[in-house]
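The structure under discussion appears below in the form of C-alpha cells.
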C-alpha cells in the first residue's frame, strides 16, 4: 500500500470535516476520492499532502511515517483546482521550480523540463507566461510541474473542476492515458461520479467525514454498500418500497400476466436526447414523489406510453434494489 | 452610464479645477517663483551653506532608514495579518492605522515620554546604556518611521489577500522552504505594491515635520532636518533659503508622485 491513512480526524471549529477516517491507497493505481462538496474528501487529500494537519490519526507514504513531516519533505506532487500557476514565471520556469529548489544541475533541468513539456503537449509554449494559456493548458502545466520532481504520489484536488465540460472530458481521457504511461500512484478528488467511474481504478466514496465504501467502479455500481453510494453513483427512484435505478424498471401497458406489478399513471414524459424519462404516479400512494423510469427512444416508441397513459411497473429481473 | 448635462459637467469641472488651483497649484507655484526670482542664486547660496547641506543630508539619511525599517516590518506585518490567524488581529490592524489619524505632534510627545531620559524605565535604561534617542538621529528615525508605518502595509495587504495561498502551497509541495517560498513566489507577486508603498513612505518621510520637531530638539547642524530648517529660516527672515529648500523638498515629492503614477499602470498590467 502506497498511502495509509489511519484514524484521521479533523475539525474546523464545530464542523467535523473528517471523522476517524482510515484509508489504504494501492501503489501505482489511479484512485478517486468521490463525494459531495463539503464531505471531507479535499481535506483528506490535503492531509495526505501535508498542507493540512489532522487533529489526530496518522499518515504514512510508501511505508514511511509522514504524520509530522511538513509538506516540502513529503515528496508528493499536488495539483490544485485553480492551477496555482506561478504567474510571474514562464511555463518552463514553472515546471523547473521543484528541480531548482532541489539544486538539480542546469543541464538536467533543461532535459527534464523538455521531456515533461512534450509529455503534456506544451513544448511550444515553454516561454509563455501562464496568463497566455487556456485553463486546460494551465492545468497540464501544473501537472508537468508536479511530475517534474518524480513524486512518490501525485495528488489532484478537483483538477478539472474549473474547466468547461468539453475540455474536462478531454483532460479526463488524457489523464487516464498519462497514468498508463507514467504509472505513479495517483489520487484525485472529484464530486463527479461519471469522472470517477470513467477514470479511476479504485473509488473511495467519502461523505460527511466518513468513508462510505471502497472498491472498483464495477463493485460500487453493482454492489453499493448503502443507499447513499447507490444514489451518488447515478440516479435512483423508489418503487414498491425499494430503491432501484430508473433504467432497471420495466414498463407495461397491460398488467403483466403472472408477475407482481404496480399500477400508475404517467404524469410527465420528457425526452432528453436518446432517452425518454417517464414520471409515473403510483396508484395507492398519492402523496409520494412519482417514480422515474428511463427508456430508450426506441423502447418508448414501441411502448406508446405518453402523459396520461396508465402503465404497470416492476423492477427488471436481476435489477439491483435496496430497501428504502 | 447616465448622461449628465453639459452644464453640470462644465460646472463640476470648473469647481474642481478652481479648488485644486487655489489649494495646491497656485501656492506651490509661488514657492517655485520665489525660489527663482533671482535666477539660480538662491539655490546656489542655499547649497553652499553647510547647515543647509547638513540638513538635507540628514533628511535623506533619516528618510532612507525609516523607509528601510517600514519596508521590512511592513512586509512582515502584512504577511502576519493576511496569512495567520490570532487573537487581537483586528486590534493590531486598527493600531497600524493609528499613525494616520493621530497628529504627528502627539507621536513626538509619545516618543519623548517612552524613550526620553526622564521616561518610565526604558528611556533611562537606554541613556544608561549610552544610547541617545532624544535630540539624536535615532529619535528622528523612530518618529519618522512611526508616522509612515501604515503606507507599506496598506498597499501590500490587499494584494496578498488577492493572490491567496495556492501558489505558496504549490511551492511548499514542490519542496521549497518558507524562505525560498518568500523570495521566489511571494515577493515577486507583491513587488509592484511594495514599490508603490516604499515610494509613498519615502515621500512621507522626507516631509515629516511635527513629530521630528519635538524629538529632535531642532539643533542646527546636529539634528535639524530640512523641514525644520525651512521653518527656522522663514522665521529668521532668510526667505531665499527657506524657499530654495522648500522647492527642493517639493521637487522630490513631485518626482515621487510622478514615479508612482508611472508605476500604477504597470502595477495593474503585471497581473
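For all residues, glycine too, the Cβ spot is worked out from N, Cα and C.
Heads up, TrEMBL stuff is auto-annotated, nobody curated it.
What TrEMBL lists as domain 'ABC transmembrane type-1' is B:56-258.
Summarising the annotation, TrEMBL assigns transmembrane segment to B:12-36 (among others). Among residues of the same chain six or more beyond the transmembrane segment (B:12-36), those with a C-beta under 8 A of the stretch's C-beta atoms are 42-43, 239, 243-244, 246-247, 250.
Annotation source TrEMBL lists transmembrane segment at B:56-82 (among others).
Marked as transmembrane segment by TrEMBL: B:94-115 (among others).
Residues annotated as transmembrane segment in TrEMBL: B:135-153 (among others). Sequence-distant contacts of the transmembrane segment (B:135-153) (same chain, at least 6 residues past either end, Cβ-Cβ under 8 Å): 58, 61-63, 65-67, 69-71, 73-75, 77-78, 81, 96-97, 99-100, 104, 107-108, 111, 115, 194, 197-198, 200-201, 204-205, 208, 211-212, 214-217, 219, 222-223, 225.
The transmembrane segment feature in TrEMBL is assigned to B:182-203 (among others).
For B:242-263 (among others), the entry in TrEMBL reads transmembrane segment.
Where the transmembrane segment (B:56-82) meets the stretches B:94-115, B:182-203, B:242-263, the count of C-beta pairs under 8 angstroms peaks at B:182-203. Sequence-distant neighbours of the transmembrane segment (B:94-115) (same chain, 6+ residues past either end, Cβ-Cβ under 8 Å): 77, 122-123, 126, 133-134, 139, 142-143, 146-150, 153-154, 208-215. Distant neighbours of the transmembrane segment (B:182-203): 63-64, 66-67, 70-71, 74-75, 78-79, 148, 151-156, 158-160, 163, 167-168, 171, 176, 252-253, 256-257, 259-260, 263-264, 266-267, 270; these residues of the same chain sit at least 6 beyond its ends, with a Cβ under 8 Å from one of its Cβ atoms.
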